[in-house]
Amino acid sequence: MFRLLLVPRRLRPLGGPPGLPSARSARSFSGCPPELPAAQVRSSFLDFFRQRHGHLLVPSSPVRPRGDPSLLFVNAGMNQFKPVFLGTVDPRSAMASYRRVVNSQKCVRAGGKHNDLEDVGRDLSHHTFFEMLGNWSFGDYFKEEACSMAWSLLTEHYGISTDRLYVSYFAGDAESGLSPDEETRRIWLDIGVPPSRLLPFGLQENFWEMGESGPCGPCTEIHYDHVGGRNAATLVNADSPDVVEIWNLVFMQYNREADLSLRRLPQVSVDTGMGLERLVSVLQGKRSNYDTDLFTPLLHAIHQRSKVAPYRGGTGVVDQRKVDMAYRVVADHVRTLSVCIADGVHPGMSGAELVLRRILRRAVRYCVEVLQAPRGALASLVPTVTHSLLVLFFLQIMDVINENEAQFLSSLQQGSRLIHRTLNREDIKHGVFPASVAWSLHRDLGFPLDLVDLVLEERGVQVDRQELDRLITENHKVNHHSDNRYEFPACRATVLALYDGQALVSEVTEGQRCGVILDQTCFYSEQGGQSHDQGYFTRDGLQDVLYPVEDVVLVGGYVVHQVTAADRLKSGDQVHLHLDQVHRLSCMVKHTATHILNFSLRTVVGPSVHQRGSHVSADRLRFDFSVKVTDSLTSYFVSQLQQVEQCVNDVISANQTVHSQELPLHTARSIRGLRTVDEVYPDPVRVVSVAVPLSELLDDNTDRRTSVELCCGTHLRRTGAIKDLVIVSERQMVKGISRIIAVTGREATLAREAGQVLSENVDSLSARLSGSAPSSLDSAQRLAKEVGVLSDAVDTTPIPQWQRRELQGRLRALQRSSNTSVRKLETREVRRTWSQFSSRPFPLFVDWVETDSLSVVMKTVNQLSAASPLSHVMLLAHQRHSGKVLCACQVPKDSTSLLASDWAMAVCHHIGGSAGGSAVVAKGTGSSSDITEALRWAEEFARRKIQQ
């Protein structure tokens, strides 16, 4: 794997402590900041916190998040420290000892909530890749020290004039029950920030959240006025290019739960973030990040390779030909590509890989079409990136970019012709482009849908989005990386017959669905458990019109291609067949892997294993089999899953040759160890073996055991192309028959990585549960909830099945342990609350208890009712971390005037919630800031009902 290092370059100190410019030397006579090189800006920041304030320098994590499925990319400096904020860090890890930390984190914002991709190039500040400078405190210092250090660094060490700075703080939010952050306001006033430059803002501006759930809290931001010499308070947070935020100080106090409630974190922390690119623009006196020394070498290199004028920094109407926008897009995107590829994220077809593919193709299009640069220009910029970011192995990065560029340019050329041809020949009603054409471009040529939109935008046309979404849903297709060692020859054929669903016809028109029979074909029809091939036809004289092949079936000895005609098609037409090579190769991988799996099962489990069915598709393989065992198949087989998987991967690692040969059926059946299923085989029949040539297997004297099967499917030449196999599911379908699901290649690697992450999470949780017992019911319930969430992740995440079973067993034990702790603490809390009421007589009892647990409220109600069976009892509690009101009630069994379910539903509805239960016992929740009023209303409701 390539690796990107963000290492501060050691420059000659300017005075003061090593690596830090002194306050005096940093200031200029004009009061403006000095123009520092970007490398020195970065190293000065790190050294300030490391040397002056005792922070630990932690390296940047890779841009691919580890163990956090909520993120495609690391998009903030705090991502790698999330376990510390949540209190879920493994106590044995180095991270558990972190108190003060500083680093410069590689970040990518091109997917998910924080997505800047479409804004890049349009303005002078957005980037998909950037460096986030940050300092953290985990239960050490808090607001006062964080603000003081930030102000000192900016004004004393970087020399920024205080007259250019403004500070915002959290104004509170009544609806969320959050008070204004007056503490932070007082701290800034004490530091010396004038009241006129200290500005309150609401949730959107000054309450930081990294996603739909997770750590969050109020923040305070420092803003810089590029103009100066004026009062620019009204321009703060007003999207003015002249007044920009440069540093965000987040005070982590809460966790946003899945139900959107806020829970206080176990310890308060500080998370600050300052974009290096924006800070450098301030310190170098530039309005645009692209005018700093982080980008000017790149822009110069782009110009050397282009056929357009030099970069001028224009935007909007000033940049009518979008040349300057193209400069910015290419400069930004090549940085992102270099960093991501160095960290092991390659352009692909799903998740982060798909986002990176879009970034690469967007960069290629601007590079070629707008900047008029030659093929290979994008990759040739990588060495310039490495100079500023110290990326290692740049030649490999260039190879990845060049390979993907070549594939895209071919698709782009053909796709662009098809778009323009469609625009010229179609009756484009109301400026709407046919979704079927856009989808064919994407599915069959790999043409990005966002680029379709861009091309159409230039002609004032839009895709029929609703219809396109429907096609995407119905025709979802999984693609995988291709293997360039396999070549699939071009195929030219003649249309012999057309079938319209009723009869053979001589011609079909546009939009008609039909079966096409050709004189020859390279498309594999679905048989032998393997999915049919995908791809499209083009017709002689009409090369820009695609006829997507939707299905391929074998009927009466004929291969029938199901096609929806994109134009007229008639018998005798000459067509070119374009095979989806990625799909075919993926099926070849899975089919060869299925044979090896069959052999491995017999090797490990025994000769009683018999294949009962299989299915091979591009994304996975399925294998059904029976085995003779005396007890439950699953319990017998699970312990051997890991051995089976290892046996398969041993064959893969050996890169054994796959042999195939047609033989007379009776000869094939004489091969020792031949595997067959209950099917009728042709004569002659194709035989596929692994490692051992068929000639040896036909020799009666050979005793070599290997995989050998009768098979009509497509296969690899060597097993090494499978790369890896992971069994991600095994379950009993019916008695005696089990089903295995397995994935290969990249998906197998991801499954192993996910399994390792989940295993580490279980280790961490186990270590915390085996430590000191939870001191409070709230902490015990949080731990129990963590076990449940982790159990759900283990149950649903694609990981090795043997590992899933192992982790499920450990988590069941942890769940029992955590539930026991919760029950003990609940019992203790019930005793405490019960003691408050046990001596009081009551025919009707409505009161409140101090607890955050609905279970405790319910159990206390049960005990009160047991002590006085003829009483009507209701208790309310105010849950501190969520603001909810908890409600539980119980009435006598023979009560007819007041049912518990009616009582609870009425009260909870009154306070804006809901409830449920039986006639005797019920519970629910609501929301009310005045619990006294809720108690009064509940008691009055009950009295009215009882007296009726």
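Cβ from N, Cα, C; glycine included.
Non-local neighbourhood of His715 (Zn(2+) binding site): Met588, His591, Thr592, His595, Val658, Ser660, Val688, each in the same chain, at least six residues away, with C-beta under 8 Å from its C-beta. The annotation Zn(2+) binding site is assigned in TrEMBL to His591, His595, Cys711, His715.
For 36-754, the entry in TrEMBL reads domain 'Alanyl-transfer RNA synthetases family profile'.
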Cβ within 8 Å of the mean position of the Cβ atoms of His591, His595, Cys711, His715: remaining residues of the chain near Zn(2+): Thr592, Thr594, Val658, Val688, Glu709, Gly713, Thr714
Cβ neighbour count (within 10 Å, all chains shown) around His595 (Zn(2+) binding site): 25
Other CB atoms within 10 A, centred on Cys711 (Zn(2+) binding site): 24
